[in-house]
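*Asks:* Shown below is the structure under consideration.
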Amino acid sequence: MEYSDEKKIGHERSDSSISNAYHDETLHEPPIEKTLHRGLKARQISMIALGGAVGTGLIIGSGTALRRGGPLGLLLGYSFVGFICYLVMVALGEMASFLPHKKGFAGYATRFVDPALGFALGWNYLMKYLIVTPNNINAAGVVVQYWTQKVHVAIWMVVFIAFIFIVNLLGVRVFGELEFWFSSIKVIALIGLLLMGVIIDLGGNPKHDRIGFRYWKAPNGPMGSYLLEQVRDGPVAIFLGFWATLTNALFAYIGTELIGVTVGEAENPRRNIPIAIRRTFFRILVFYVGGVFVIGLTVPSTNDSLFVATKSKTGAAASPFVVATTLVGIKVLNHVINGAILIFVMSAANSDLYIGSRTLYGLAVEGKAPKIFTRVNRMGVPYTSLFLCTAFCALVFLNVRSSGAKVFTWFVNLVSTAGALTWMCIAYCHIRFMKALEAQGMSRNDLPYKAPFQPWGSWFALVATTIITLFKGFDTFIPFKVDTFITSYIGIPVFFVLWMGYRILYKSKLIPSKEVDLVTGLREINEEENKYLEDQAALGPRSTLKRMWDSL
């Protein structure tokens, strides 16, 4: 479907008005020889998002949420945040299918809201991935040490960094295919863990003990009591336990939105992006909500071994699934689960490096980062951006010594809010996008993909994510801990300093709805889409086996 300037836009605007509105921002895509290649298929895009989002947040982090919120609080928290995630994803899908450009989230903020917001969002998202990538490399090193400590962990870290660098350097087709298989193994492992949990709960364990909903009843109860000794109020402790699951779930789901960065390298994006978003969300919802439900059935929230596991931080010992098998006398699955965790974190690190390099490239294309980072090789890899993001992986070596481990933890906490801020910005960009469509006489019914539950859905996602983020560090006040408080919230003022600093320096303003550019770049995208469809038609109809494989 094409979107011509004359048919879809309600009124004409002069080139000078666009220039004034954007303060000479670059809206056109770079020349084809200097740009990314569209080589990602729908199955690869959805698996990349799955690989980046479903990871240790479920297989490890859910244990902490269970201990704080109880089985029912855990289920409610992950379900509620899962709905917020859905609203953010469909909002992103509507914008990305209309304008599948190669500048990531920052490009939508620049175009629909204000160049200053695009600057802040882009650097905020980049900072997240400059830190998250070495964090996952660190987790992979510790996971390997669960089996053997004969080889120094620093050597494993070097091997893992080299591996993800080479994969990303080989081009998006190699990266996409490898990540597809990585994530496929992850899906199989998750399905196996869910089935194992159900079988254990129904009595298929060495003790032949049918658990059912036993752990949802007294004395454990369906809801947890978090910080009860400090607040000395049962209902308040229950509420705090539930709230703690919301903050845990929010940061477990964060990463789903990275599908918006893959838009610039997607084949036939107007068709494939909405498909990938729908597939990705429902897979994540099933795995996360289904996973925490099974965990709540098989592991009591007050069990001492769960407390020990959550102190382990990483590796099989930290997983509530291992706690579940240990409680019923199964002793061999810990190594299998540890292997699954290794695949989880390496898949996440691989995706993180990819997203970081593409985010930096998008910033450079818009003139918000040094021009050197716009360079790409013949395979469409932004190699200068990739080199810089890989260099930041060296932060992982802070964790080799205990003195640097605390500093590294501060770095991780420093950017933990970045994902939530990204969700807020996506929702706000979509609100502004819808207002621009209305102001310029364009119907959302004519879009390639129309997000459901709008416009209230994006408003709800924006408000809910903001509230959860503002109160995510409530436990730093009970009692008050200065260092934890600073690292929990410093990301918010950093974001606003970037936003307001750019506004003051470049005197940018909120773009009026009637002046939002809904034209530039559409012709090029239409041409790309038509060429792709012509190439596919020339290949002839797909075989039955090919259609079955793509569906699977």
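Note that Cβ sites are derived from N, Cα and C of the backbone, with glycine treated the same way.
Automatic prediction, not curation, is the source of TrEMBL annotations.
As listed in TrEMBL for this protein:
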- 45-66: transmembrane segment (TRANSMEM)
- 45-509: domain 'Amino acid permease/ SLC12A' (DOMAIN)
- 72-93: transmembrane segment (TRANSMEM)
- 105-126: transmembrane segment (TRANSMEM)
- 153-175: transmembrane segment (TRANSMEM)
- 187-204: transmembrane segment (TRANSMEM)
- 236-259: transmembrane segment (TRANSMEM)
- 280-301: transmembrane segment (TRANSMEM)
- 321-345: transmembrane segment (TRANSMEM)
- 380-398: transmembrane segment (TRANSMEM)
- 410-431: transmembrane segment (TRANSMEM)
- 452-474: transmembrane segment (TRANSMEM)
- 486-505: transmembrane segment (TRANSMEM)
*Asks:* Where else in the chain does the transmembrane segment (452-474) make close Cβ contacts, counting only residues six or more beyond its ends and a cut-off under 8 Å?
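*Replies:* Distant Cβ neighbours of the transmembrane segment (452-474) are 81, 84, 87-88, 90-91, 94, 240, 243, 246-247, 250, 417, 420-421, 423-424, 427-428, 430-431, 434, 444, 484-485, 488-489, 492.
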*Asks:* Please work out whether the transmembrane segment (187-204) lies in contact with the transmembrane segment (321-345), by counting C-beta pairs under 8 angstroms that are 6 or more apart in sequence and asking whether there are at least 3.
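*Replies:* Counting Cβ pairs under 8 Å, at least 3, so yes.
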*Asks:* Against the transmembrane segment (486-505), which of these stretches has the most C-beta pairs under 8 Å: 105-126, 280-301, 321-345?
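*Replies:* Stretch with maximum Cβ contacts: 105-126.
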*Asks:* Looking only at the domain 'Amino acid permease/ SLC12A' (45-509), what is the model's average confidence as pLDDT?
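*Replies:* Mean per-residue confidence for the domain 'Amino acid permease/ SLC12A' (45-509): 83 out of 100.
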*Asks:* Using a cut-off of under 8 Å between C-beta atoms, tell me which stretch among 72-93, 153-175, 236-259, 280-301 contacts the transmembrane segment (321-345) the most.
*Replies:* 280-301
*Asks:* Six or more residues out from either end of the transmembrane segment (72-93), which same-chain residues have a Cβ under 8 Å from its Cβ atoms?
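*Replies:* Counting only partners 6 or more residues beyond its ends, the transmembrane segment (72-93) has Cβ contacts under 8 Å with 62, 65-66, 216, 222-224, 238, 241-242, 245-246, 248-250, 252-253, 256-257, 259-260, 273-274, 277-278, 280-281, 284-285, 288-289, 292-293, 295-296, 301, 423, 426-427, 429-430, 449, 451-454, 457-458, 460-461, 464-465, 468.
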